[in-house]
Structures are given as C-alpha cells and as structure tokens.
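> First the structure, which I've put down as structure tokens, then a few questions once you've had a look.
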Amino acid sequence: MTASRLPAPLRAWLSHLWPAPVAIDTRERWRMVAGAALGMLLAAWASRWLAGTSPAGAWLVAPLGASAVLVFGVPASPLAQPWAVVGGNTVSALVGIACARLLPDAAMAAGVSVAGAIAVMLALRCLHPPGGASALLMVLTGTTAFRHALFPVLVNSLLLVAAGMLYNSRTGRAYPHAQLPPAGGQPRSRFSAADLDAALARYNQVLDVPRDDLQALLAQAEAAAYQRTLGELRCADVMTREPLAVSFGAPLAEAWWLMRQRRIKALPVVDPTRRIVGIVTLADFMRHADLDRHEGLGERLRALLRASGLTHSGRPEVVGQIMTRQVRVASQDRLLSELIPLFSEGGHHHIPIIDGEQRLAGIITQTDLVRALYRAVQPSA
C-alpha cells in the first residue's frame, strides 16, 4: 500500500514523525563533527593517562558521548552548559550508585535511579539528558563505590567541558552561553521581556533554547516581517528630498527661525560640498538654554538666540557650537526596513540620507516611516 492510499488521519499522524530538516550549512555540520572528535579524544587520552593501566571501563564512561553531542552540537543549549554537563553527570552517577547499593532488584533500581537523577538535576538546575544514562550505567554495571562518580565521571565531564570551551570559542560559538537575561536593556520589540516571561510560564515545558537567544530570534522574525511588508522599498523612495540644511557658521537665530517656520525638529549641518558634519535639533537648543537660570524657558531661549556682537563670546553664537557631531546616517539605497531598529531602539527621530558621494540627499523622519508602513499594509485596489 502506497502512502497516498493511507487514510488521511493516519497520513497526518505519520507526517508528524517525519524529521524536520536541520537548518545548518555544511560548514557548521563539519564544525560539530570535528569538535566532538577532538573533545572525546582529549577526554579519553587524559583520562587514560590518569588511570594508568586500568581497563577502558574504569577511565571512560559511555554517557560522555551523549554529552559531546550537546557540547559541540548545540553549545547554546541550556542542557549543554558546563554546570549541566559536570553537575548533571556527577550527581546522576551518585544517585545511580546509591540505588545500586540500596535496591537489590535491578529493574527497580533502574527506574528509581533515572527518576531520582532527573529530580536531583532539576533541583540543582543542572538538567542534562546524558545524566539519566550515567545513573542507569551505575545500576547496570553494579557500581557501588561512590568514588566512581569522581573518577571517571566527574573528571571525564570536566575534560569534555574544557575542550568545549576551547573549541567552541575558537570556532565562533559562545560557550559557556549566558543563560540569564543581561542587566542591560534588550532590543525593543512589540513584545517586552515580561511578555516573553509570561509566554514561557504558560508554555510550562523545558525549552532547549536560551532565553536571550529566543528573544533575539523573535526580534529577528519581527524584522523579517517588516521587510516582507515593506518589500524592496528603499530610503530614496520615501525620504524628503533636498531637505533644509544649515552651515556650521549659521547664526543660532537663523536655524531656530527655519525650524519654527517649517515646523521641523532637526536641521542637518553641512559643509560647502553638502557633506554632513552634524545635526542640530530642538533638544540641542534646550540643552544650551542655560537651564540653571530662574527665568522661563522662553526668556532663556531668547537669550541664547540673541547675538552678542562680540568677536569673542563666552556663549554659543553659531550652529556648529551646539550641534550634535555624531550623526547616524543611511544610504539612499538602503532598505527602509533596516531603519526600523534605528528609530525604535536607538531613539532616533530623524535620519539624514546620503548619496553615493556621501552628500546630503534627503532625510527620513519617524512620520515618513509610519506613512510608508501604513501604505504598505493597505490592501491593493
């Protein structure tokens, strides 16, 4: 009977058993394979040297092979972190040895050892799947000496983790991988860190992805959705062309008048070739309006804008003296979707756009971006 002749419910059920493709390239596959080989060789050679002439079973444990799959295959996984490997294997071996000593029935000892190992690993935050094999191995081999948990189990695990730290860092993979959220802010998104925590709490299962990686993946998915929505729309398509700009030596009053007259909040500052040297914003005026004085804001601004008439003055006279020098710019050929993080995360309200010769070609504001998003999501006529 061919698959097409199977009942639809059975076909659907069987489709769930079919493995999904592994989304990694050939280079990453070989990185994993080579890492596992080198890591196991290091652990085996060093352990054999420490054990001397003892048989292989006395200096190397089989669950270490499963640990190597995690350490070199998924080094970002919470199940592959150093404490999970070392703690999980060692405490599980101790549980297995205790069961081998206390429970005469092998079947009973096997079940209790694995269940007990899981409980202890969860309590100690070192859940590691090969730990279950470590506990079971102690029972099946009738190991009753607790020192076996120290050597070879603990020593094997330490050597493998050391190899993982060295190899993964040299091949571009963070290991150990931070499992707690950083103290600083996360990239902004339509969902917050609290939203993610609430979703994980409702999921209520062990997730084999670090929390920060999950949040980063969701943010990247959101960025991809923006790019899909905006398509190939580029900065040149939505920017305000030939925007107003002022020179470095423009009087403050002139720049202020232009901003008020045109109802804009920023002016690019350019040199004679229209290359950007800074940007002056309303915030720059507020910052230099002598906020320590007791007069109202209007009076302080008028004092700032009033020319002193002196050759040398102790207060700002021209735009170049109050402008922001570090300016975030974007090429006119850049995808508009790539500017979304700059506005949402960087706190930018306006981004000057430059041409191929680094000259000012336009400016994009938050309003321009919102307008483009609105047009993109409207159903076509």
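Yeah, the Cβs are placed from backbone N, Cα and C, and that goes for glycine too.
When I checked TrEMBL for this same protein, it listed these features:
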TRANSMEM  32-51  transmembrane segment
TRANSMEM  57-76  transmembrane segment
TRANSMEM  83-103  transmembrane segment
TRANSMEM  109-128  transmembrane segment
TRANSMEM  149-167  transmembrane segment
DOMAIN    239-296  domain 'CBS'
DOMAIN    323-380  domain 'CBS'
> Restricting to the domain 'CBS' (239-296), report the mean pLDDT as a whole number.
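A mean pLDDT of 87 is what the model gives the domain 'CBS' (239-296).
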> State the non-local partners of the transmembrane segment (83-103) in its own chain: residues 6+ outside its ends, Cβ under 8 Å from one of its Cβ atoms.
61, 63-64, 67, 70-71, 109, 112-113, 116-117, 120-121, 124-128, 130-132, 134-139, 142-146, 148-150, 153-154, 156-158, 160-161, 164
> What does the DSSP secondary structure composition of the domain 'CBS' (323-380) look like, as residue counts for helix, strand and coil?
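Counting residues per DSSP class in the domain 'CBS' (323-380), I get 21 helix, 16 strand, 21 coil.
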> Where else in the chain does the transmembrane segment (149-167) make close Cβ contacts, counting only residues six or more beyond its ends and a cut-off under 8 Å?
35, 38-40, 42-43, 46-47, 50-51, 58-61, 64, 67-68, 71-72, 75, 80, 82, 85-86, 89-90, 93-94, 97, 134, 138, 175-176
> Could you pull out which residues elsewhere in the chain have a CB under 8 Å from any CB of the transmembrane segment (57-76), counting only those six or more residues past its ends?
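For the transmembrane segment (57-76), the list is 31-32, 35-36, 39-40, 43-44, 47-48, 50-51, 85, 89, 93, 128-131, 133-134, 137, 141, 151-153, 156-157, 160-161, 163-164, 167-168, 173-175, 177, 208-210, 213.
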> At a C-beta cut-off of under 8 Å, are there same-chain residues at least 6 beyond the transmembrane segment (32-51) that contact it? List them, or none.
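Cβ under 8 Å, 6 or more out: 58-60, 64-65, 68-69, 71-73, 151-152, 155-156, 159-160, 162-164, 167-168, 171.
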> What does DSSP give as the helix, strand and coil breakdown of the domain 'CBS' (239-296)?
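Per-class counts: 17 helix, 17 strand, 24 coil.
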